[in-house]
Amino acid sequence: MKKIFLFGATGSIGESSLNVIKENPDHFALSGISFNKNSTRVKEIIGNFHPEHIFTTNEKSYSWLKKENNLSNTISISNNIEELSEFLNSDNVDIIISAISGFAGLETSILSVQTGKKVLLANKESIVAGGDILIPLSKKTGANIVPIDSEHNAILQCIDDYSAIHNITITASGGPFNEISDSDLENISPQDALKHPTWNMGAKISIDSATLVNKCLELIEASYLFNINESKINLVIHPQSIVHSIVTYSDGSSLCQMSNPDMRVPIAHALSDENRLNINFRELDFDNLSLSFSAFPKSRKMIEDLAREVCKIKNGSGIVFNAANEVAVDAFLNSEIKFLEIFDVILRTFDNVQLSKELDIEKIYEIDKASRIMAKKVVESTSN
């Protein structure tokens, strides 16, 4: 029986993780969770999974947990990193799932890798912004970082001879605007951009999918996770979201991982050891299945090129890229800028933030702060 701590239990990845755990009660127990605001859902999780520890930095949520009848006596509750770290490093945790979205998840990703345990990572921003310290840290502690976003988990499943990899292809659905011209995107509303055709996701990642910035983040993440040059990573449009990634080898063979869009599939694979787990899944209907692929749009080339530049220069450039995007997406969701202006915010911010060859945790947060300040200035100048 493996004991799991789940960061971001009430988010979309958290929910998928809980479903896999629930379907495999003989293999896993939920020993702890973290959450932010959704106390109603947390109460349900407590009733269904009986975690031993709950962590939150939200003051209202912490107060609610402390006041909840009969809760404090059966569950340890913390709101500080020291107590959380103690629990993560204890025998109460075998596997950690890091499913907090955005740069906010970096701290807990670092904390998870420091334990030297198996870490299922859904937070691509942790690698994009913190890959220069997370990857070396994992080698030092012995932590096994296993990606659970569908594309990188697919790559992992398709690698059988690392030394013979010719290239890797990451697929993108194209988002809700795959067949819409840029001229028609000028006045797209946040509500339009949130309607993803194949995946059920949170607001931020839905916008990233619409802009295709998510694929640029995934390109950077793949270069770190698999230690592969960006020139060997391709991006293609695949509207059906059935083929999640492809690995091509030196002998001309290409291996792909296929499944219906369902985050439980990569999570189940990542949680398994030698034997695959059982989940209730929707089978592919090969009798009626039609797959199509097309080139990554030229209109997104400037952002793809910037992502490739991040892979080459590093020095904290991924921090700037990620922070600028988060600020731009937030501004778009709040109707402060137009859809296509997201790209302008990223590009202009990237050109105006100083990088650093010497990176540690403090420096990462320093560059992130400077990037957000600059990005907000760009937003203000754009919206005026």
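Glycine residues also receive a Cβ, built from the backbone N, Cα and C atoms like all the rest.
Record check: TrEMBL places Asp149, Glu151 at the Mn(2+) site, and the matching candidate among Glu68, Glu218, Glu230 is Glu218.
Looking only at the binding-site residues Ser12, Asn123, the densest Cβ neighbourhood within 10 Å occurs at Asn123. Most Cβ neighbours within 10 Å among the binding-site residues Lys37, Lys124: this distinction goes to Lys124. Taking Asn123 (NADPH binding site) as the reference point, the binding-site residues whose C-alpha atoms are within 10 Å of its C-alpha, out of Asp149, Glu151, Asn214, are Asp149. Look at Asn123 (NADPH binding site): DSSP puts it in coil. Using DSSP to sort the residues of the domain '1-deoxy-D-xylulose 5-phosphate reductoisomerase N-terminal' (4-131) gives these counts of helix, strand and coil: 60 helix, 25 strand, 43 coil.
Thr10 (NADPH binding site) is surrounded by 21 other CB atoms, counting those within 10 A of its CB over all protein chains shown.
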